[in-house]
Amino acid sequence: MNTSGQAGVDVPKVKLTKENFKQGLRIFRFVLPYKGAFIAGLLLLLLSSASTMVMPKILSYLVAIANHQTDTLPSYLPKTVTGIALVLFGVVVLQGFFSFGRIFFFTRVSEFTVRDIRRTLYKKLVTLPIPFFEQRRVGEITSRLTADVTTIQETFSLTIAEFLRQILTLLAGVAFIMWNSWQLSLFMLATFPPLVLLALLFGRSIRTFSKQTQDELAKTNVVLEETMQGINSVKAFTSEQHEVSRYGAGLNRAVQLALKSGMYRGAFVSFIIVAVFGGIFLVLWRGATFVELPVSDSRHLELKDLIEFILYTVFIGASVGGLGEMYGKIQSSLGASERILEILDETSEPVHQPRPAGAAPLQVRGEIDYQNVQFRYPTRPDLAVLKDISFHIKAGEKVALVGPSGAGKSTIVQLLMHLYPLSSGSISVDGRNIDDLDLTELRQHIGIVPQETLLFGGTIGENILYGRPGASEADVVDAARRANAWQFIQSFPEGLDTVVGERGIKLSGGQRQRIAIARAILKNPAILLLDEATSALDSESEKLVQQAMDELMQNRTSIIIAHRLSTIRKVDKILVIDGGRIVEQGSHEELSNDDNGLYANLLKLQFELT
Ligand SMILES: Nc1ncnc2c1ncn2[C@@H]1O[C@H](COP(=O)(O)OP(=O)(O)OP(=O)(O)O)[C@@H](O)[C@H]1O
């Protein structure tokens with residue numbers, strides 16, 4: 001029974017069926033560019049296996065010469081012990097050479113292939129639409145690029161080679177022993193099935209336990225990830241001890257399971273030892289009785305043949321044992337490639353498409369029109385977030401969206417960037433439906449200053465440049481100045497080269513926002529989306545941010561999601577949103593005079609609060 005499906009994505013193995021084998025093989029298209037090296041590796045593998053397989057044969061000649069039985073030796077071989085020993089040494093050196101070459105070629109193939117898989121996967125990931133990311137946890141996605149790809153890498157560098165080598169060893173070994181003595185071979189092969197069966201049963205229990213251990217460990221990793229990401233909350237709620245015990249309890253469960261699995265593994269190893277040596281002794285005993293038989297008996301064996309037989313038997317046994325392990329690894333990598341291909345099969349957003357021949361770059365003046373827009377988030381299809389939104393913004397106008405939390409303001413703004421498909425209705429920019437516009441071009445004309453500015457881990461300069469990669473330093477400095485950011489940037493010893501720390505944690509909220517504004521100024525978009533920060537800044541900082549925003553909004557169509565109503569008196573139009581509808585619209589004066597209106601009430605509420 002396959003229990004793997006229930007535990008979901010963290011389960012590394014899949015059942016081998018023809019279908020998923022075929023699916024998994026699709027990952028091989030990444031090997032195609034390196035097929036030359038792959039074939040060279042395979043040839044060397046064949047040669048190294050062949051040189052291993054002739055060793056027992058040569059060893060048996062050594063025994064024959066030592067026993068003065070040179071008449072059975074092929075004529076091209078030396079007839080002295082030293083001569084044969086030298087041949088043996090030569091074969092070993094060749095074998096070393098072949099193995100080196102095999103590893104050399106397979107490493108190249110696997111490293112390049114894995115680089116290509118990672119690159120393709122990453123490219124795919126960044127071009128996937130937002131709902132994809134909302135349906136999955138970040139840890140799950142990263143493990144596709146790390147754990148799963150590593151599994152596949154091992155397959156390309158080792159598993160395939162080992163698997164083939166063991167099959168070759170098995171086939172050649174059986175052929176050799178059959179040639180040597182079919183009676184003894186049949187006896188030997190009869191001991192195999194019961195041993196293999198027992199080994200399989202054991203292996204299955206061990207796998208179940210180690211899978212459960214891994215699952216438990218994965219759960220503890222979730223605790224680790226969550227608490228590291230939200231370490232501020234852990235401290236603020238003084239829940240350090242609670243988290244430590246939560247993590248500890250998970251670890252204990254994992255250890256309990258690992259111990260159980262260890263018991264089985266121990267038993268398995270001792271079973272294997274007994275079985276392997278028992279099996280060899282059994283064959284040795286049976287073979288010795290054949291050696292004892294008179295030469296006239298058809299079952300009679302020479303001593304050298306018995307030694308050869310035993311050596312091949314050891315090879316066969318080792319390859320059968322190895323095949324089980326390889327089978328497990330192949331299952332894991334099929335699972336891994338299935339999950340990788342699943343992502344590669346997702347449909348990307350059509351970004352960075354080549355412009356049709358003769359088409360001019362998109363020019364945007366900034367006129368925006370929403371017509372009867374209805375919307376549900378794809379991850380929450382039962383909740384109608386926007387019920388019927390229609391409004392028109394002329395190019396260069398400034399419009400504020402206000403309304404209670406959860407009313408749908410951010411959603412309205414996000415839809416303009418075409419981050420989600422609409423449920424119904426239409427949005428147009430300069431009279432053209434955004435569905436018909438090139439996504440990348442559309443987004444290039446939209447600047448956004450989000451509520452919580454997320455900076456990338458590099459320097460301040462790099463973060464501002466994100467607005468327009470390739471801009472000159474003078475432009476960056478100018479943008480920083482206009483965003484009221486230059487003063488604080490200059491006060492840092494390293495200026496623009498100051499590293500902001502992961503997610504920008506080394507900067508204050510107000511500083512981060514001004515960097516986001518500088519970024520948007522550098523981008524110089526026709527349309528600006530401003531999500532005012534809810535977290536209050538101190539009044540000095542707020543003044544600086546507000547000035548920067550005013551500078552940024554000049555000569556652009558701007559939509560401001562306003563939380564502090566005091567900041568939007570100057571806008572051309574205010575849309576009051578509630579429950580996914582526009583409930584009022586007009587200028588500040590018009591709306592504040594309507595005593596029963598929501599805007600007037602929100603104003604009163606804020607006035608009372610401040
Ligand atoms: N990515 C998402 N997936 C599913 N539902 C969402 C998502 N983002 C927002 N929602 C839901 O959509 C509704 C509107 O959210 P939205 O963020 O647009 O409100 P808002 O008016 O901007 O609120 P706030 O002023 O608090 O930022 C809320 O009920 C919210 O729970």
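Counting starts with 1 at the first residue shown.
Each residue, glycine too, has its Cβ placed from N, Cα and C.
Taken straight from TrEMBL:
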- 36-64: transmembrane segment (TRANSMEM)
- 39-332: domain 'ABC transmembrane type-1' (DOMAIN)
- 84-105: transmembrane segment (TRANSMEM)
- 163-179: transmembrane segment (TRANSMEM)
- 185-203: transmembrane segment (TRANSMEM)
- 266-286: transmembrane segment (TRANSMEM)
- 368-604: domain 'ABC transporter' (DOMAIN)
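Most Cβ pairs under 8 Å to the transmembrane segment (84-105), among the stretches 36-64, 163-179, 185-203, 266-286, belong to 36-64.
Sequence-distant contacts of the transmembrane segment (185-203), counting only residues of its own chain at least 6 positions beyond either end whose CB sits under 8 Å from a CB of the stretch, comprise 174, 177-178, 264, 267-268, 271-272, 275, 279, 282-283, 286, 309, 313, 320-321, 324, 328. Over the domain 'ABC transporter' (368-604), the average per-residue pLDDT in this prediction is 88.
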